[in-house]
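*Asks:* Sharing a structure below in structure tokens format, with a few things to ask.
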């Protein structure tokens, strides 16, 4: 559906020529109520993103530190948890209304476009998660999470070209700070707590994490583009469709990679030799899968409510959480370079939040001016029955 046309139809159907003051107050109350509900949803999605990302990253590090070594299995558990969403998905789809058309070729084209979106995004997500798995294998959690902050810069770059995202001086300042923050860590070579890491392994993991961050920023921008250009509707059911089908394709990609790499042959011995025991091994994988799905729900929901850049910024908001948890749980070293990198990353994030605050403030101001202008203008009937706008002043 065309969002602008539908909005015009709704406005025309609900417009009354002589609106009373009480009706205006009622409409204002409804608007405020909808605004509060919207920001409540944003708050929930934000909590899902921060908590899901932090817990899943910590569980991934625990897996590697206690004998896990399968990069493809670590990729699979990031994606394969989507069936936990199926019960709610099946319940919510009953309320999903669809429009029918007599042109079957139009329906087929729409289905093909939808399938193409899910397949392309699914393949990208599968490859992206594999790069993240390689990055976490040889990097300390604190270093890994700080490098991931660069995904905001990549997202802004891709959104500029794909979604016409405005790059204001404040946004550019934010991206510069995040880029410097990640670049500093390239000079920070340190060993992980469980094993010695060579220079080549560190560089490989560093580059893979940078590549994964770039891929994640691209995926978020493409998701926003798909909602606007291909799916052409932004309902909660569409958000669920995006999560389910993209995760399904990405899971298939990761499972194929697991068997093609022959890593599946070592999983039995890996579970037997896991330091925390077989039960802990299985529970680690299960909860990693669940927490990544919590993160996916929050991230996609924020794209639906606001934008892909805001969704990525919120994931960066959890940046200080993971390094602090890593210092407590894994005793990672928080040296001066990491501290500077974290400060720059937080500064960059706050710059973006401030720009979003200014945009929201300007939007409210412009909406208020439009309301005042419309209230000062009334319609009168001319001698030939035509509508004539007259100003109350």
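Quick reminder: no glycine exception, Cβ is built from N, Cα and C everywhere.
TrEMBL entries are annotated by machine, without manual review.
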*Asks:* Among 18-36, 170-188, where does TrEMBL put the label transmembrane segment?
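*Replies:* Matching range for transmembrane segment: 170-188.
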*Asks:* Using a cut-off of under 8 Å between C-beta atoms, tell me which stretch among 111-135, 141-163, 200-222 contacts the transmembrane segment (336-354) the most.
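*Replies:* Result: 141-163.
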*Asks:* When each of 42-64, 70-91, 111-135, 200-222, 242-261 is checked against the transmembrane segment (281-304) for Cβ pairs under 8 Å, which one has the most?
*Replies:* 42-64
*Asks:* Mind checking which residues of the chain, 6+ beyond the ends of the transmembrane segment (141-163), have their Cβ under 8 Å from one of its Cβ atoms?
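*Replies:* Long-range Cβ neighbours of the transmembrane segment (141-163): 57-58, 61, 135, 171, 174-175, 178-179, 181-182, 185, 188, 190, 205-206, 209-210, 212-214, 216-218, 220-222, 224-225, 228, 307-309, 312-313, 315-316, 319, 322-323, 325-327, 330, 332, 334, 338, 341-342, 345, 348-349, 352.
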*Asks:* Please identify the stretch among 111-135, 200-222, 242-261 with the greatest number of Cβ pairs below 8 Å relative to the transmembrane segment (70-91).
*Replies:* 242-261
*Asks:* Looking only at residues six or more beyond either end of the transmembrane segment (242-261), which have a C-beta under 8 A from one in the stretch?
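*Replies:* Tertiary neighbours of the transmembrane segment (242-261) are 70, 72-73, 75-76, 78-82, 85-86, 89, 118-119, 121-123, 125-127, 129-130, 223, 226-227, 231, 293, 296-297, 300.
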